[in-house]
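Sharing the record's features from Swiss-Prot:
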- 1-34: topological domain 'Cytoplasmic' (TOPO_DOM)
- 5-10: motif 'ITIM motif' (MOTIF)
- 35-55: transmembrane segment (TRANSMEM)
- 56-188: topological domain 'Extracellular' (TOPO_DOM)
- Cys75-Cys86: disulfide bond (DISULFID)
- 82-184: domain 'C-type lectin' (DOMAIN)
- Asn82: N-linked glycosylation site (CARBOHYD)
- Asn97: N-linked glycosylation site (CARBOHYD)
- Cys103-Cys183: disulfide bond (DISULFID)
- Cys162-Cys175: disulfide bond (DISULFID)
Amino acid sequence: MADNSIYSTLELPAAPRVQDDSRWKVKAVLHRPCVSYLVMVALGLLTVILMSLLLYQRTLCCGSKGFMCSQCSRCPNLWMRNGSHCYYFSMEKRDWNSSLKFCADKGSHLLTFPDNQGVNLFQEYVGEDFYWIGLRDIDGWRWEDGPALSLSILSNSVVQKCGTIHRCGLHASSCEVALQWICEKVLP
């Protein structure tokens, strides 16, 4: 019987060669300094940005004095700054004399408007609440720092000898009434 076998030559691809890892190690070593360099550049930029922000903040705080300013004048905690003045709006209520003493103890005084400027701004801010201010009736309405009141004040009783500010303007009140108050401090 004849042998019907078919033979074929099988050509298999050669086994993959193991690549030399040393080439990859060299590239990895070369990339490490680049990463370190990028980190250094990023940290340097961050430092420059932060220093610029500090300089900008100091310039805002000290005005045109820049670094000549030995210490920026700041308002105490819980006080609001407007220009060269700090203002404290109390949350608690006291009579006029206790409010006056509170402000004096903080190196300030009850809010005054000796030149009648700023009344409208504060009227808008205080809204419906009444706040003690540095105004009282002793032989006529006078501000605590001396000048006579040249604005009108609403009063409905002769016993109302202390001034308040309200959304609707200046009002007289009995000095014994417990109200909130506004202290004012001029920055050096």
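Each Cβ is built from the backbone N, Cα and C atoms, and glycine gets one as well.
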Give the nonlocal contacts of the transmembrane segment (35-55) in its own chain as ranges (CB under 8 Å, at least six residues past its ends).
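Residues: none.
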Using DSSP, how many residues in the topological domain 'Extracellular' (56-188) fall into helix, strand and coil?
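Tallied per class, the topological domain 'Extracellular' (56-188) gives 31 helix, 41 strand, 61 coil.
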Filter the recorded positions Asn82, Cys86, Asn97, Cys103 down to the ones within 10 angstroms of Cys175 (disulfide bond), Cα to Cα, kept in sequence order.
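Cα filter at 10 Å returns Asn97.
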Rounded to the nearest angstrom, how far is the Cα of Cys183 (disulfide bond) from the Cα of Asn82 (N-linked glycosylation site)?
13
Give the distance between the Cα atoms of Cys86 (disulfide bond) and Cys162 (disulfide bond), rounded to the nearest whole Å.
22
CA-CA, which of the recorded positions Cys75, Asn97, Cys162 lies nearest Cys103 (disulfide bond)?
Asn97
